[in-house]
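Chemist: Checked Swiss-Prot, it gives:
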{"type": "COMPBIAS", "residues": "1-11", "note": "compositional bias 'Basic and acidic residues'"}
{"type": "DOMAIN", "residues": "19-81", "note": "domain 't-SNARE coiled-coil homology 1'"}
{"type": "DOMAIN", "residues": "137-199", "note": "domain 't-SNARE coiled-coil homology 2'"}
{"type": "REGION", "residues": "1-25", "note": "region 'Disordered'"}
Amino acid sequence: MADESDMRNELNDMQARADQLGDESLESTRRMLQLVEESKDAGIRTLVMLDEQGEQLERIEEGMDQINKDMKEAEKNLTDLGNLCGLCPCPCNKLKGGGQSWGNNQDGVVSSQPARVVDEREQMAISGGFIRRVTNDARENEMDENLEQVGSIIGNLRHMALDMGNEIDTQNRQIDRIMDMADSNKTRIDEANQRATKMLGSG
């Protein structure tokens, strides 16, 4: 009888330990799911901010392009005014930056999404679950569902990271263009001011 009682107690202890491990494992998958969902939300916010920043850079580049067009008109007017005043005309194409033609930017919204790659986690889900079933109870069902969601979100995070990298590369190239345009516009404005000052002084 004592042996049976000891065995029963041992089995109860093993069952209690198994239940404890099951509860801890379930809680672990819940924490994992919460963490990747928070990461996904942060990724979405970052993509939105990058998109807004891209729109601002687009407006800045359009403004620089408009200044370029306005300067061409101003340089033409200064040349015409110089001719009327009997001054030696200075062709616009001799001005620094005057011959530069700016068109539509070469960078735009990423037109293609990265190819979807089926990794080991997704392959496990396709082949029948993320965990090896022991008790086949509701806890294991939830653990499997949680891990499936974690795997899916991690795949989305990978794609987000690729999109972020592409967008940042695009914006870096756009910033370089804007800097070049700003330098060119400043040079042309300075030279136009010098010409105008010379005309006024000669008058």
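Note: Cβ is positioned from N, Cα and C throughout, glycine not excepted.
Remember, it's a predicted structure, so these values are computed and weren't measured experimentally.
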Chemist: Give me the DSSP three-state residue breakdown of the domain 't-SNARE coiled-coil homology 1' (19-81), ordered helix, strand, coil.
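Modeler: Helix (H, G, I), strand (E, B), coil: 63 helix, 0 strand, 0 coil.
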Chemist: For the compositional bias 'Basic and acidic residues' (1-11), what are the DSSP-based totals of helix, strand and coil residues?
Modeler: 10 helix, 0 strand, 1 coil
Chemist: Over the domain 't-SNARE coiled-coil homology 2' (137-199), what is the model's average pLDDT?
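Modeler: Mean per-residue confidence for the domain 't-SNARE coiled-coil homology 2' (137-199): 93 out of 100.
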